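Visitor: Sharing a structure with you now.
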Amino acid sequence: MSLKLEVKTEIKLDYQDFQNQINEFHKRINDKNSPDIIFLGWNNFPEVAINPQEIARMRKIVENLHQNSINVLVVIGIGGSYLGAKAALDFILGLGPFENKPEVIFLGNSLSSTDLYQKIEYLKTKNFAINVISKSGSTIEPAITFQILYQFLIDQIGEKLAKTRTFVTTSIKSGELLEIAKSNELEIFEVIESIGGRFSVLSSVGFFPLLFAKINVDEIIQGAIKAHKKYSTSSISQNLAYKYALFRFLMYKNFNYKTEILISYEPFLIYFNEWWKQLFGESEGKNLKGLFPASAIFTTDLHSLGQFIQDGSKNFFQTIIYIKKPKFDLGIKKLVQFNTKINKLSGKTVSEINFQAFLATTLAHSSYGNNPNLVLEIADSSPKTFGHLVMFFEKACAMSAYLLGVNPFDQPGVESYKNELAKNLGWDR
């Protein structure tokens, strides 16, 4: 997988002035004696993040489920417990619709009674299994959903069979969900203690749903291993992940930009963008610091946000992911019944037009709109590319947060709403 990075801005950026800082933080990310080693399991790849025995066990379970005509998996989780898997499924498969293929449904990521009710109604005619993902089991959204859905599954097929179709991904050390799994004799997959939720897609958290959907997990791992090696140097000129991190830092610190918009030209990247927003939002948004991570899908959002991006306030820059080779393509043929300018495009493909839109929009926004643009060109949307891109952003995120002067691996602000909600519900936390 090839990844190219191109900066389109009139702003002069001197990266080499920061090489000493990069060296220091690179050591902190990679040194076995780092004070943050308890959070760096994702970077100890594949030794810590990948458990071959557990993946083999998952494969056997998935094979058994499919043999028993269980073709729907309900993944219950919120934040990093589901965003990575959802991003991977859409990135690799596209948005469908699909016929006669295993289906993965995501629940427990909101407190919407309407969404939960409608999905349960849909499941009434399906043979489904459950994979609940939570490090502790105390997060309210997945906890409520799991309790309701597990009862529904028991009502449908009985408790004995329901136990064989329910899989728990959680800490194997302690937690409410671990106790539930043990007391009900449910299959358990491990949430690795040294890997935070937003960094966990390249682990058992993401792998079970992907295996169920018949995604080639081995290729995802191969792509991530290659990226891990590629971005293992501290040299800014040779490490694109660090160059991206430094670009973001300079936009924020030296030029006072407050927002980064991640832009993609494929609708199936919507949830990849959502995963990216959590990764950077939770890692950097603390101590009154950090770029606000926003996203858009072009050309769709050009018809809603395009005016603002071109002519509105200039407090943002754009990072663009462009996929060089589309998953599928369609040719445009002349239609004599339509006497329009579109007929002049006959012989071209839809992806060729999309590419021209990308070129035109990037030029308009960077040159005429005076918005700095950074372009990440990736080869395709294969499993290997997904693994590579995830590792690229995770390494960039850690470095970016250290440059900013914050801890990339905690999220103390999230506890505030949880504490207030607990008070409202009369809970002890």
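Glycine too: its Cβ is placed from the backbone N, Cα and C atoms.
If you look up Swiss-Prot, you'll see Glu282 marked as active site, proton donor, on the strength of sequence analysis. Per Swiss-Prot, the feature active site maps to His303, Lys418.
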Visitor: Could you say which of the active-site residues His303, Lys418 has its Cβ with the most other Cβ atoms inside 10 Å?
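Guide: The residue with the most neighbouring Cβ atoms within 10 Å is Lys418.
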Visitor: Looking only at DSSP and grouping its letters into three states, which state does His303 (active site) belong to?
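Guide: The residue in question, His303 (active site), is helix (DSSP, three-state).
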Visitor: List the Cα distance (Å, whole number) between the residue listed as 'active site, proton donor' and Lys418 (active site).
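Guide: Rounded to the nearest whole number, the Cα-Cα distance is 15 Å.
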Visitor: How big is the gap, in Å, between the Cα of Lys418 (active site) and that of His303 (active site), rounded to a whole number?
Guide: 37
Visitor: Would you count the other C-beta atoms found within 10 angstroms of the C-beta of Glu282 (active site, proton donor) for me?
Guide: 24
Visitor: Work out the three-state DSSP category of Lys418 (active site).
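Guide: It is helical.
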